[in-house]
Amino acid sequence: MSVQEMKKMDAMDIVSARSLGSLQHVEDLFEGKKQKLTRYAVAAVVIGATAGFLFGFDQNVMNAILPEDDFRTQMGMPFAPDTCGTGEKDPLWVSNRLGLVNSLYPIGCAVSAPFAGALNDRFGRYKTLWLGMLVFFVGAALQTGAIDYGMLMAGRMIAGVSVGVLASVVPVYISEIAPHHLRGGLGTTFQLGITTGALFATIWCPIMQAVIPKEADYTWRIEVGLQLVIALVMAIAMIGIPESPRWLFKSGQTEKAREVLSRLRGEAGSEVTEAEMREIESEVEVEKSMTSSFADLFSSKVRLATMVALAVPIMQQLTGINVFMTFSVTIFNDMCLNGLGVAIAQNATNWVASWITVFWLGNRLGRKRGLVYTSCAIFVILLAVCIPGFIIDPVTKPLAYGIVVLSCLYCACFQFAWGPNGWIIPNEVFPLRLRGKGTGLATFDNFAFTFIVTYTTPIGVSTIGFIPLMFIYAILNLIGIPLLWFLLPETNNVPLEEMEAKFDLPMKEYIKQNATDLRRRKNVAAEVESPEGKL
């Protein structure tokens with residue numbers, strides 16, 4: 001075997017270890033020698049958390065702003081109906097506008113997400129980050145200074161385009177500049193930042209509404225304008241941080257890559273840093289030897305993986321989560337409750353559940369088991385909301401409070417599995433040569449269905465009502481359960497080579513294998529340590 005082939009095999013071993021969500025194989029090479037936490041790793045935490053925070057804040061802030069009188073006056077819409085229990089709703093043309101306020105944001109994300117990988121590879125992680133930030137400043141400024149509905153819509157769309165880029169580049173950048181033993185932890189900061197940003201948006205808005213005089217016509221501008229400050233914090237954190245050493249290696253700047261990696265890791269753990277340099281070189285060699293096209297995503301060996309990668313984000317959105325995340329204030333105001341207070345409770349539940357999932361439940365529950373169990377739970381919860389809601393007026397206080405409790409339980413169930421796995425699974429199922437193209441397509445898919453849900457929610461609430469709308473989502477969750485059971489394989493802790501084998505099967509065999517795949521896999525890290533382990 002040639003030296004070149006040996007390098008490729010070593011690199012594939014490392015890549016396989018990473019596909020497990022574990023770096024145990026690499027850690028064994030490093031013999032437990034941890035690289036010190038440098039200021040660059042700290043910057044990665046700040047960037048990851050702030051980018052996620054920005055995403056969560058901007059996606060959810062309009063939930064609190066849409067019912068505000070000063071906002072509606074500026075946008076040429078009538079005041080929100082305040083006669084709860086009378087059945088009065090926004091006119092259909094107003095619901096249509098409200099739906100577009102929320103839904104143009106994910107459309108912007110969908111437009112840019114498929115091209116983010118190409119920008120990443122062509123210009124590097126650092127320049128793409130700055131490009132995304134500059135575009136976001138434009139979008140945020142347009143929203144904050146909007147004098148009419150059209151200007152607001154332009155700002156929402158442009159901000160969405162920016163976030164589509166940032167959501168793609170930030171996790172990659174963090175993973176490539178962070179020390180090996182911190183990558184898993186630092187990689188979670190983006191997801192945690194999203195839930196924190198969503199929670200903060202629902203706390204920030206009522207504070208501003210309480211502090212600023214009611215007759216003021218600029219409250220909504222201060223509420224939405226905070227995103228400019230958040231973006232500024234992220235931009236300051238980015239000053240002085242380097243380009244990804246992996247991208248520098250890939251672009252042929254080998255010496256600069258070595259210099260940057262040495263600076264990133266510091267003097268401590270020099271042997272570990274040198275091993276990492278060799279690892280990056282091997283990975284880049286393997287990656288350069290792989291060619292692919294979008295047509296390969298639908299080849300016989302990969303089409304089932306593509307099916308899963310596209311179906312899971314669709315099903316994530318069809319849980320109905322964005323009904324609550326983008327319109328809950330209006331929904332619960334109509335029930336004569338404090339809609340802002342309910343939104344805070346929901347986002348606080350979501351935030352706590354995200355921490356539980358990241359640090360304890362996620363790997364224990366597994367991907368498939370988690371999605372099947374939580375889909376069953378979501379169906380039961382939504383049914384518990386709808387059955388009494390069809391019989392009793394939801395304005396009835398005991399029922400309204402019961403719906404609040406059930407909606408918080410619903411948010412927790414979503415975050416336990418669908419929240420993270422809707423993004424993780426599309427990154428796991430594709431072979432390395434197709435991962436960039438496949439995840440780009442899946443990200444577009446996710447944001448496209450986010451648009452559908454967020455746009456139709458105000459219209460659905462205004463026309464058929466909240467309870468019938470949630471009954472539709474209950475049925476969609478019920479339909480999804482057998483699809484998950486028979487068409488989704490378990491991907492948690494599955495090596496890359498075994499992952500490809502899972503999808504390279506005749507359809508009958510694929511379904512049969514998935515039907516018996518709910519048992520949780522043993523920890524593969526134990527196999528790595530064992531002489532008989534697969535790695």
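Each Cβ is built from the backbone N, Cα and C atoms, and glycine gets one as well.
Features of the protein shown, as given by TrEMBL:
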TRANSMEM  40-57  transmembrane segment
DOMAIN    44-492  domain 'Major facilitator superfamily (MFS) profile'
TRANSMEM  98-117  transmembrane segment
TRANSMEM  129-147  transmembrane segment
TRANSMEM  153-174  transmembrane segment
TRANSMEM  186-212  transmembrane segment
TRANSMEM  224-241  transmembrane segment
TRANSMEM  308-332  transmembrane segment
TRANSMEM  344-363  transmembrane segment
TRANSMEM  370-392  transmembrane segment
TRANSMEM  398-418  transmembrane segment
TRANSMEM  439-460  transmembrane segment
TRANSMEM  466-488  transmembrane segment
- Note on the structure: Mean per-residue pLDDT in the domain 'Major facilitator superfamily (MFS) profile' (44-492) works out to 89
- Message: If contact means at least 3 Cβ pairs within less than 8 Å, sequence distance 6 or more, would you call the transmembrane segment (98-117) and the transmembrane segment (439-460) in contact?
- Response: yes
- What same-chain residues lie close to the transmembrane segment (308-332): Cβ under 8 Å, and 6 or more beyond its ends? 59-60, 62-64, 66-67, 80, 98, 102, 198, 338-340, 342-343, 346-347, 371, 375, 378, 382, 400, 404, 407, 410-411, 414, 418-419, 421-423, 425-426, 429-430, 438-439, 441-443, 445-446, 449-450, 452-454, 457-458, 461, 466, 469-470, 473, 476-477, 480, 483-484, 487-489, 503
- Query: Do the transmembrane segment (344-363) and the transmembrane segment (129-147) come close, with at least three CB pairs under 8 A (pairs 6 or more apart in sequence)?
  - Reply: no
- Query: Cβ pairs under 8 Å with the transmembrane segment (439-460): which stretch of 40-57, 153-174, 224-241, 370-392, 398-418 has the most?
  - Reply: 153-174
- Query: Under an 8 Å Cβ to Cβ limit, what residues of the same chain, 6 or more beyond the ends of the transmembrane segment (398-418), are close to it?
  - Reply: 195, 315-316, 319, 321, 324, 328, 332, 335-337, 342, 345-347, 349-350, 352-354, 356-357, 361, 365, 367, 370-371, 373-375, 377-378, 381-382, 384-385, 388-389, 392
- Item | Feature contact check the transmembrane segment (40-57) with the transmembrane segment (186-212), CB under 8 Å, 3 or more pairs | yes
- Task: Give residue numbers and ranges for long-range contacts of the transmembrane segment (153-174): same chain, 6 or more residues beyond its ends, CB-CB under 8 A.
- Result: 44, 47-48, 51-52, 54-55, 58-59, 100-101, 104-113, 116-117, 119-120, 125-126, 128-129, 131-133, 135-136, 138-144, 146, 183, 186-187, 189-190, 227, 244, 440, 443, 447
